[in-house]
Amino acid sequence: MAGACGKHHMSPGSLPGKRRLEPDQEPQIQEPLLLSDPDSSLSDSEESVFSGLEDSGSDTSDEDTEEVARAGCDKDNRTEKTSEEQEQAVPPCPRAEEAGALTRDEYEEDSSDEEDIRNTVGNVPLAWYDDFPHVGYDLDGKRIYKPLRTRDELDQFLDKMDDPDFWRTVQDKMTGSDLRLTDEQVALVHRLQRGQFGDSGFDPYEPAVDFFSGDIMIHPVTNRPADKRSFIPSLVEKEKVSRLVHAIKMGWIKPRRPPDSTPSFYDLWAQEDPNAVLGRHKMHVPAPKLALPGHAESYNPPPEYLPTEEERLAWMQQEPIERKLNFLPQKFPSLRTVPAYGRFIQERFERCLDLYLCPRQRKMRVNVDPEDLIPKLPRPRDLQPFPVCQALVYRGHSDLVRCLSVSPGGQWLASGSDDGTLRLWEVATARCMKTVRVGGVIRSIAWNPNPTICLVAAAMDDAVVLLNPALGDRLLVGSTDQLLETFTPPEEPTLQPAHWLEVSEEERQRGLRLRICHSKPVTQVTWHGRGDYLAVVLSSQGHTQVLIHQLSRRRSQSPFRRSHGQVQCVAFHPTRPFLLVASQRSIRIYHLLRQELTKKLMPNCKWVSSMAVHPAGDNIICGSYDSKLVWFDLDLSTKPYKVLRHHKKALRAVAFHPRYPLFASGSDDGSVIVCHGMVYNDLLQNPLLVPVKVLKGHSLTRDLGVLDVAFHPTQPWVFSSGADGTIRLFS
């Protein structure tokens, strides 16, 4: 009956640890609770359980129910109650809402991350399935095929415009399908982007409870009694003490000694014995090994190693020191017929003398990484701007284009060809503005560097022609003609190495203004930086190979009294009164005011072909016909600072850029190589030379490629003229 009474007072909603019933879950029958004492009422523990599960609002009804139950138990303690009495004794069941509020499901928040995973490939990289049509396997072991991705960018754009959920659609890497994020997931992403916590209910700034405060408490935090072992001596500590006592007795542990304040001086060489074995082995230098025998020492050497009768007689007549071999090679039919070596004892004796008398030296081997020997050069893309591609092609000449020159402003381009014409081009459009027929092969052309003078000098045959191109500003063209017409000839004519002649009216209509006639063909013409002096090179053998003409006074002079070889080209120094003269094997720098030789540069080339001076004036480059480009640093040495062998054939022309740290070279291999040449103001830092681009475009004609190169005065552009009759602009 006690069990029955207990059953009457227990309800499924009020049992401790009972799972809360779900709406679609059937209730289970609860086993009766057995009490140990039939005469006693509910225990304290049961009361505490009921008091914890029931709310305060139902205390009165519960007490009444308990009294009725107790009365029923006391009245009939030995008999069983009928079903009607049981129904009256059982308390009413609480509502579903009250049961849910009182009891909480302990598995409510339990979840598994792998319940919703359809791809069961495991923890393997999905990149393994890149080459397969499927992306994994489902729970049944069937393949999960990748969705067809046939949508292009236009479809994606239409989805982006039409689909309102496009911004919250992501791709599942496990299955390859598109997933739509819920509002909770979007809110979670927004919180994480703002640096907040993922749980919206988490308060990081909730008030802290200072459990262990500074106030002295009356009672301890934990009232656990002390262990029994705390009153007994520790066996572990006893073993440690025993081991320490034994170590002290054995002398393993020694007490600390006070430090000795007296300094100690040691004799570094007191312990060394020169006769000791270790001392001898330290300084031992192994003897050099004997050279291995060669083919000549074989008993059956090849026929070319056997000396002839003349060589044998010559060997016998030589002194022993002069002989290359101290024996004569002999041939024997077999090894058993080889006699004993007659000089064996002598050679052993000489070997012993060498080991005894000749000193030995230990050579320290230095291990050098080959990568450290290669200079660390910057990347070409870090050295921009420089020309990288072909921009324009100037077509019009019918033969070799030997020379070209750019106007000081960079708007016009002049070119000379073997077809006897001088053409003037517009740089921006590649349009031929003017064609002047001079009646001869133009070997060199130079535009006056003075921006206030519109004048071009061209060398053809044995004359230098000065012409006014009449392009650009009309005031500039008129002032140039007026400057040439204001010349008054001297009263007493002087003997000059060249003749200045006025052109005819027909030639004047074509643009020609003056003609300077020489005794030999002219190979080069170049202007001084101010535009008043003109230097020419003649193909003669005497001291008149180089002439200097003055435009304002129409005078010519020969600066040298004797010749130092065949002159190839000349150039004026940009800042100093120097004249640079390049011969076949050397470059000489002359001081024009002092009339003396300043420096002589040795390029170590077979034949110098061209030369250019850096705008700062402290560096020079020269090209040669043996495929070398030589860089000279005048402040460093008279020998080359660096030799570049990038071209495969002869170099025809070299040039510096007036503003940018660039220089270029043209060769017969049809290529133009542009290099970065940075010159620093710090004299302790060497120039930086880095090849940055190889420009190709000219076709080889008569085994000739690029004949001349020139830079644009303001832009990082380079012009090249070739044997194919074209001029190309690279930008």
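Cβ from N, Cα, C; glycine included.
For 1-10, the entry in Swiss-Prot reads compositional bias 'Basic residues'.
Among the features that Swiss-Prot reports, compositional bias 'Low complexity' is placed at 31-43.
Per Swiss-Prot, compositional bias 'Acidic residues' is recorded for 56-66 (among others).
Residues annotated as compositional bias 'Basic and acidic residues' in Swiss-Prot: 67-84.
Sequence annotations record features per position, and here Swiss-Prot assigns compositional bias 'Acidic residues' to 106-116 (among others).
Per DSSP, the repeat 'WD 1' (396-435) is made up of 0 helix, 23 strand, 17 coil. The repeat 'WD 1' annotation in Swiss-Prot covers 396-435.
Long-range contacts of the repeat 'WD 3' (517-559) within the same chain, counting only residues at least 6 positions beyond its ends with a Cβ under 8 Å from a Cβ of the stretch, are 443-450, 453, 455, 457-464, 466, 487, 489, 494, 496-501, 566-572, 574, 579, 581, 590, 592, 595. Summarising the annotation, Swiss-Prot assigns repeat 'WD 3' to 517-559.
When Cβ-Cβ distances below 8 Å are used as the criterion, the repeat 'WD 5' (603-642) is approached by residues 568-569, 571-576, 580, 582-587, 589, 648-656, 658-659, 663, 665, 667, 677, 679, 683, 686-687, 689 of the same chain, each at least six residues removed from its ends. Positions annotated as repeat 'WD 5' by Swiss-Prot: 603-642.
The repeat 'WD 6' annotation in Swiss-Prot covers 646-685. Sequence-distant neighbours of the repeat 'WD 6' (646-685) (same chain, 6+ residues past either end, Cβ-Cβ under 8 Å): 380, 383, 385-387, 609-616, 618-619, 621-629, 631, 635, 691-700, 703-711, 713-714, 716, 718, 720, 722, 730.
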Check your understanding: What is the number of residues in the repeat 'WD 3' (517-559) that are helix, strand and coil, as DSSP sees it?
Key -> 3 helix, 21 strand, 19 coil
